[in-house]
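Pulled the feature table from TrEMBL, pasting it below:
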- Lys154: active site, proton acceptor (ACT_SITE)
- His272: active site, proton acceptor (ACT_SITE)
- Lys156, Arg273, His305, Ser341, Gly342, Gly343, Gln363, Ala364, Gly365, Gly366: substrate binding site (BINDING)
- Lys180: N6-carboxylysine (MOD_RES)
- Lys313: site 'Transition state stabilizer' (SITE)
Amino acid sequence: MTGIEYDDFLDRTYDPAATELVCTFRIEPAEEMTIEAAASRVASESSNGTWATLHVDESELTHLGAVACEIDESENEITVAYPADLFEAGSMPQILSCIAGNIMGMKAVESIRLEDCEWPESIVSGFPGPQFGTGVAREKLDAGDRPILATVPKPKVGLSTAAHARVGEEAWRGGVDLLKDDENLTDQDFNPFEDRLAESLAARDRVEEDVGERKDYLVNVTGETTEMLERVDLVAEHGGGFVMVDVITCGWAAVQSVRERCADHGLAIHAHRAMHAAFDRLDHHGVSMRVLAQIARLCGVDHIHTGTAGLGKLANEDTPGINDWLHGDCQGLKPVLPVASGGLHPGVVDRLIDALGTDICIQAGGGIHGHPDGTHAGAKALRQSVDASLDGVPLDEYAQEHAELATALDKWGAETPR
Ligand SMILES: O=C(O)[C@H](O)COP(=O)(O)O
Ligand SMILES: [Mg+2]
């Protein structure tokens, strides 16, 4: 018989093996509990322990205990190493039920936030990663080395199908690459999915023919999983190149299914992160956006929203750091294109590019359609702001020769909205 004690999961001398999944948590121990005891319980509950001592026949047991191996008291940070055999290959739900499962609500901690993961090859190899990733700029569009530009028609819901396609057409003609649905536009009566798909792609084809630049449409296929897969098939049938998925509200298992179906059709996935802030907004509890972005890359999205480095309307954690991770090496997976979105307009584009570089997608809804001269002028102004920034010309100087940008700067200046 062997005993599994709940305080057996701490070993500050332990050096994690390269095969292990290593997670960093920020924890606030419960009252009158030491950080060592709380760390041990985190490692226990997230692997093979529970609140009571267990007695198990050694011959019938695979040892799968995690080890709390580092504690930084000054930051309340702990590191936990998980053996690879704890995990089912290729199942993101199963991994999350370990490393972000019961521990999120256990009384041994006042609060706990999963901050970062180091993913070993043994786990990464179970996932497909992106099909195209940052390559979409050249493989599916003609953006070359500049940021890809996208727009969401506003108001986000309520426009008829014809109006939606017309707004898209104006924005494409003004210089954006991608028309995007909003996160809560799927298949409602005022703008049914298949009608919108057909009319928007017909508009795309007209624009491509006229302007000689490839354009595409990020149609929101979000829904119940079987329904969503049918929508993915429809996108392929109608000749679209991308789908958009609200990855947090759908759940990672559904994202994995969509990724598989998209591979059958060669479609890229634009991941919208609506609801992420329920996990990542508090800096002491939940799951960080960094980890959500890592999960998205493993599951195989090609784009993901990661914030605006503080220049937009939404609260963000470390956008540059997350983007660096998405662009960097991850056991051979393709890099993901980070999307900056939420309250952007031409007057902040120079600082956005300074902060995040050019290997990004810049998405503006209100910052295009709120232009005093309308969507077409708004799209031109956004493209002009990118051209100016890439040429190293100050926006106000460039605006002297570019009327649409001048009007946008008169309206919004360089302010960041709330
Ligand atoms: O889904 C999005 O990315 C947002 O709708 C952005 O809209 P905004 O540019 O008007 O903030
Ligand atoms: Mg939106």
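Yeah, the Cβs are placed from backbone N, Cα and C, and that goes for glycine too.
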Would you identify which of the recorded positions Lys154, Lys156, Lys180, Lys313 has the most other C-beta atoms lying within 10 angstroms of its C-beta?
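Within the set of recorded positions, the most crowded position is Lys180.
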Binding-site residues His305, Gly342, Gln363, Gly365: which have a Cα within 10 Å of Lys180 (N6-carboxylysine)?
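Of everything listed, what lies within 10 Å of Lys180 (N6-carboxylysine) (Cα to Cα) is Gln363, Gly365.
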Counting distance between Cα atoms, which of the recorded positions Lys154, His272, Lys313 is nearest His305 (substrate binding site)?
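The smallest Cα gap between His305 (substrate binding site) and any of the recorded positions is with His272.
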By Cβ count within 10 Å, point out the most packed of the recorded positions listed: His272, His305.
His272
Between all pairs in Lys156, Arg273, His305, Ser341, Gly342, Gly343, Gln363, Ala364, Gly365, Gly366 (listed as substrate binders), what's the biggest Cα distance, rounded to the nearest Å?
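Those residues reach a largest Cα separation of 18 Å.
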Hey, does DSSP put Lys154 (active site, proton acceptor) in a helix, a strand, or just coil?
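Note: Lys154 (active site, proton acceptor) is coil by DSSP, not helix or strand.
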Where does Gln363 (substrate binding site) sit by DSSP, helix, strand or coil?
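In the DSSP reduction, Gln363 (substrate binding site) maps to strand.
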